[in-house]
């Protein structure tokens, strides 16, 4: 028998290998063509099927539109068979003790397993399932009545517009309760077992109830909400230190909030003058400042570019000219600035016509005046930011949102009240700001705008995201004081708990930035 030719055998192997490679290449090509035809063809309604399911959707920033969609498409049709209400016959103290043991055990487990805990872990939030009279009923009340624009406050402001300005409770809650597949924020997750939670969120719409319920009905609901929350074992365990309470309008929950002063309050400002909050109720170490929801539409990059040549007004202000408390400075500034060239000072409110007038004025102006109102802050600051109009802040007591993350000196000018009221000082200062500095501030405004736009879905680096980043910085201190309160003998020593601080003073920059 003859031996096989080695060269012929090798040649056959090469041919078989080449055929296999060719078949593999043709198969890969066929799969690629199929992918293009199925997923990227014009007939395919969703060519981004392999991306995050909501990444291609435009975020909704209108409270009214987002709420309408939420209530008609996502909200449950009826209350759950049971919620988190504590049974009347329940042993709350024993439940609180058991919860404390479970939380301690779970937390130690996380400390052992995660070398980066708590700094590198998402915040775990338990959202209370409250009776609907505190939640969905109030949202439906707003939805069914917001077209009644005749409903005004005592100073003429449309009530529903004010609710929109302070709707931070809706935006945070809607993101927290959304299915995880629809969420984009990674720094916070909802948990469904209290023993897994870092924090507890109270989804009570305090601003809607204040403005849309009759006075006595509102007070009664506030008392019910107070009892409901403070009966919770988790509240009794920490005395509320790890509970988040949205009270963004300074009038909301006012009659009972002193009983919840250890909770984390979500506020528009601190108002250290004492006109709205009692001494010791609010402070930066415990609470969180959140921005108002802007009244005007975002002036995006195209809008800013197209409108640059139209900014022929030096300084613009539209709002109520006579206010109380620290806002009395407005009338004084009007007297100082009235009649000056390229300056517009107008009386106005936040109604639909007022929104259009404010938006038009801000988009035509280089600087926007932001004096104190009844409180140190106002929505006007955030209207100016999203309009590309450089804020000129004259409010010595103002505290700003997310200042542990954002540097407002990059986008605004801060002027002390005393300097602003000197004859001719403010306009001389503004006219001395160089074109290069103006351009730099405007460019930064374009970058910063996204930090003040609430949306559905909530976006990374949006206000909802920054709120949780700021709260994350408080978390270890919250746990410290919770633990410490459980073992320290009450009244064992006299400790002054109030913050005795002098009033703030704004340092005005020199005329040349």
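Yeah, the Cβs are placed from backbone N, Cα and C, and that goes for glycine too.
Looking at 1-20, 21-40, the range annotated in TrEMBL as transmembrane segment turns out to be 21-40. For the ranges 51-73, 74-96, the feature annotated in TrEMBL as region 'Disordered' maps to 74-96. Helix, strand and coil residue tallies for the region 'Disordered' (74-96), in that order: 6 helix, 0 strand, 17 coil [DSSP]. Averaged across the domain 'Exostosin GT47' (121-429), pLDDT in this predicted model comes to 90.
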